[in-house]
Amino acid sequence: MDLRELEKDNTGRCRLSSPVPAVCLKEPCVLGVDEAGRGPVLGPMVYAICYCPLSRLADLEALKVADSKTLTENERERLFSKMEEDGDFVGWALDILSPNLISTSMLGRVKYNLNSLSHDTAAGLIQYALDQGVNVTQVFVDTVGMPETYQARLQQRFPGMEVTVKAKADSLFPVVSAASIFAKVARDQAVKNWQFVESLQDLDSDYGSGYPNDPKTKAWLRKHVDPVFGFPQFVRFSWSTAQAILEKEAEGRTQPLRRTLGSLEGSHPTSLARALRPAACRSPTGTSRSEVWRQPTASRGKCVNPPLLLGN
């Protein structure tokens, strides 16, 4: 799967799709919806649709597609390649939601929970297929939340088609199984080839499963958390596991600062500023503050902000 568009910018969302088979523009089609990576604290969540003509559904079933969670990585890759080869009657589309997008949506001033984000993403992909001219008449969806409520919502939005929302739909309906395979293959590849926008020292590529209760995942989070800047954008910082680790690390780092502030209580502001200013930002002996600020950044160490000036 070609994810170069995602690798160019993985901070938001990325939609990828196959060409629409000509037969899907004419004949009535069935469409399945599923996702991969809803629960992990690391990496993107990927929603996928797969569609084919009702007249070719038996051909899709003959590929022996199944719930992606029951297949090995090699089996998923094989089935993905086979469905790609059958592009004359099988089409697909993906919506890849970055960890950054998920967390900022959930923690924004107007709360946008994961269920709502999931529902809207699924509906958006169905609409995308319709906008591409796919003649969708039946839709099968793996549920998120209460299936009856979800189904009613989709049926209201798409009154011209028959909508079925079920728990475990990826193991009940082959077209949903196929969508689950597309979603899982895409997420696995995205995680494996993730382009970190941050400069991380000693980056550990062994994340474990990425799920919050995995000891390897927790160890990776503890290793790559910054008490000030938080986590890399690979992390869903809205997850409670990530928040707890960040709070613990920040607490440990702020204790020395509190001791320093306590010892300086009542001091002149200039003394306080000198104590808190990083060594790399302090004026060299015999150099005025104005001269330091006029010096090139490289000569002032790693601090790229102007020196803190309080008092005289």
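Counting starts with 1 at the first residue shown.
Positions of Cβ are set from backbone N, Cα and C atoms, glycine also.
Residues annotated as domain 'RNase H type-2' in TrEMBL: 28-251. Residues or ranges marked as divalent metal cation binding site by TrEMBL: ASP34, GLU35, ASP142. What TrEMBL lists as region 'Disordered' is 256-299.
Here the binding-site residues are ASP34, GLU35, ASP142, and the one whose Cβ sees the fewest other Cβ atoms within 10 Å is GLU35. Using the Cβ center of ASP34, GLU35, ASP142 for divalent metal cation, the list of other same-chain residues with Cβ within 8 Å runs, in sequence order, VAL33, ALA36, TYR47, ALA48, ALA122, VAL141, VAL144, ALA169, ASP170, VAL176, ALA179, SER180, ALA183.
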